[in-house]
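As recorded in TrEMBL:
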- 12-37: transmembrane segment (TRANSMEM)
- 49-66: transmembrane segment (TRANSMEM)
- 73-93: transmembrane segment (TRANSMEM)
- 99-119: transmembrane segment (TRANSMEM)
Amino acid sequence: MPDKTSVRLARIAYVAFAWLFTASIAVQVLIAGMALFVDSDSWASHASFARYFSFLPLLMALLAWIARMPKKVIWRSIGLFGMILGMFITAILSSRIGALSALHPVIALLLFWGSTVILRSSSKSVKSPASAI
């Protein structure tokens, strides 16, 4: 059973990774914009950058469990990872799934929205450790 210090540290780490994930989504959208409007060579950066932060929601789910956060926080983090999988599927299989590949930017919007919801609610748990999320 984790002690109060490890619970608090896990909550702080969770919020830090939530910030990192949210910022990564914003940077990823910026890179896509660069590829669309400035230099199409940026598509390679767009594709490779996703690999660096795609695992963060799983790490966040683990930290939420260690931090004794409510199950909905764990499930929201897992939901973000599910959306990441959707992003990879729509990108990799775009030539095979046709119009469904248009969901790629929609999923990006949902990822950003979901990550900001998580960020706002989890930040409260660090400010007031006794508060429920």
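The count begins at 1 with the first shown residue.
Here the Cβ of each residue, glycine as well, is placed from N, Cα and C on the backbone.
Automatic, uncurated: that is what TrEMBL annotation is.
Within the same chain, residues 2, 6-7, 10-11, 13-14, 17-18, 20-21, 24-25, 27-28, 31, 73-74, 77-81, 84, 87-88, 118 sit at least 6 positions outside the transmembrane segment (49-66) and bring their C-beta atoms closer than 8 Å to a C-beta of that stretch. When Cβ-Cβ distances below 8 Å are used as the criterion, the transmembrane segment (99-119) is approached by residues 15, 18-19, 21-22, 25-26, 28-29, 32, 60, 73, 76-77, 79-80, 83-84, 86-87, 90-91, 93 of the same chain, each at least six residues removed from its ends. Listed as Cβ neighbours of the transmembrane segment (73-93) (distance under 8 Å, sequence separation of 6 or more from its ends, same chain) are residues 21, 47, 50, 54, 57-58, 60-61, 64-65, 100-101, 103-104, 107-108, 110-111, 114-115, 117-118, 121-122, 133.
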